[in-house]
């Protein structure tokens, strides 16, 4: 066992040869390197598979031996300072290693097909390999300096991948936004590391925890300064894990390729912030004010992410805000000291969200053949719909991921979510109300995404009832419009169906888009002159096997990964696999491992949470079920006229919520107004001062000297005798002034 741990330092370096060789090959031998593109893909998957096997073996050993292993090498710079670097293997490291490698391998397989058409195929895999290497180095680091080094590398790789299609201005701006936002967090993290080193004199995790505990117990540290340093450490995870108010970069990060969105949201970029808070929890837990701040930021992010997801029309942005909300749940759990539920939720969310993102990528890949390669169209849920019979495997996988994120048993997210909700009830009733309400909102917006994407008919060919071409009828009232509109209060269905026969009614457009090999043509019946008319339309096809295989594997994870946290005894919840694995970390946090609810209380809480989720699904179904089914009941929409004033208030509320969600809570607008525009205004003023004042003085001296020289040259006629006369005159005047001041002293 000890022999195995001694070789753990090699884990981050196993995948590293691929990005290095790819970089050298593309620089020196581009033709040969590109001709072997599939070989590089296979090599990347093979090397990461080795790391996965190694990680699983370490986790199994830790379950049975319950140990923490650390190995450190010291580099002495002088007698007063030495830099130590090494690796740290504990349950948290093992969990993160498995998440990174399993999701990473599936994303690599998926990307081989998804990025096959892209000219930057090899560049993408080079970035991806370096990304996984950086994340592996981060989770195995033994001290804060190493963490910060790999923290920056993870950020750099994410910026490169977010701006992968840098020729698109939107992608380039998203890359810059992610970079600038994370600069704030990274600067805070660096200040916190330096402050903590000034207090303790060490960067090593275990030394830090022990020294800080002793200083607090002996009252030998300024608690205010220690709290400030701890908060600065927390600022880094706030930005990296997209917590309020530094969350604004995450939705725009969807401009990168979809496989990267899956990796960032499941096991790398945003998971890094949760990992660091979990790693530093023994430090934070002895500072109650910091724990409360962590939980407060978490609960705000939970609610904000859920409300901002309500009206998104871009399928990836909707999932991005969902990630933001779920990361808030994890941060809330860590702030409450619920170490095990937080990590359990990190695991279940990683596989469920990776499944959803890869599913959305499969949908986008299929839709591109119909609507073109514009993200505004291929990712727009309002142009989707009716995909169930065209992409059945993708639909099934996406439905399982959606149900998991809704918290429906026995899927993965149900088990971890319930533990956080139970702990929030004990921590704060207000936090519990918000957390439970957000669970219902999660079910609502996730099923909204599912219904708009898969149910009904393909809305690309849909024409609204006014006869004007529109993206979809959903844009009238169901939050999928490109611009703000009020609900039509005078809309009635019966007059529409009893109009003059000379007028034509069609629910589908005449225009079709460019056809590619990834489409099928089908005959569809439309309503035209109240008779039957057959037309041929083109629909998406199911994706290739290399795209479907990773989704099916993630589907299995989503179905069964929750079992690692399910107890198999009736006395308590202390004999599940996850608790057994986390025993060393739980002991380090001095938690009472016997403080668990019984099965009866668990069933009560589970019934309540599932009821909330089902209610959210029911509301989503009522609002977003296919409109065509309501044609069977012609009084459905006309019954709205009986609402009178209540209907008006309801519409105002709907538009208020829509405007809040569609405009991202006005937070981006606030940052743009208060920060971006003010900084630009200040920059313009500084530019004016620099060019007009500073440069003016410098240029003025030069121009004056030039002018005096030219005048002198003109007067003297360029004669040497005149220059000598002026020189002697200046010397004489200088001597007279010196003589005058010298004799004045006497």
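Glycine is no exception: its Cβ is also placed from the backbone N, Cα and C atoms.
Annotation source Swiss-Prot lists transmembrane segment at 9-29, 89-109, 125-145, 147-167, 185-205, 221-241, 327-347, 354-374, 396-416, 425-445, 547-567, 608-628 (among others), citing sequence analysis.
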Which of 9-29, 185-205, 221-241, 396-416 contacts the transmembrane segment (147-167) most, counting Cβ pairs under 8 Å: 185-205
Any contact, the transmembrane segment (9-29) to the transmembrane segment (185-205), with at least 3 Cβ pairs under 8 A: no
Distal contacts, the transmembrane segment (327-347) - CB-CB under 8 A, six or more residues away: 92, 95, 99, 237, 241-244, 270-271, 273-274, 277-278, 281, 285, 291-305, 412-413, 415-417, 419-420, 423-424, 427, 431, 435, 561, 564-565, 578-579, 582, 585-586, 589, 591
Chain residues outside the transmembrane segment (89-109) and at least six past its termini with a C-beta under 8 angstroms from it: 5, 8, 11, 41, 44-45, 48-49, 51-52, 55-56, 58-59, 62, 68-70, 125, 128, 132, 135-136, 139-140, 259-260, 262-263, 266-268, 271, 275, 278-279, 343, 346-347, 350-351, 354, 358, 546, 549-550, 553-554, 557, 581-585
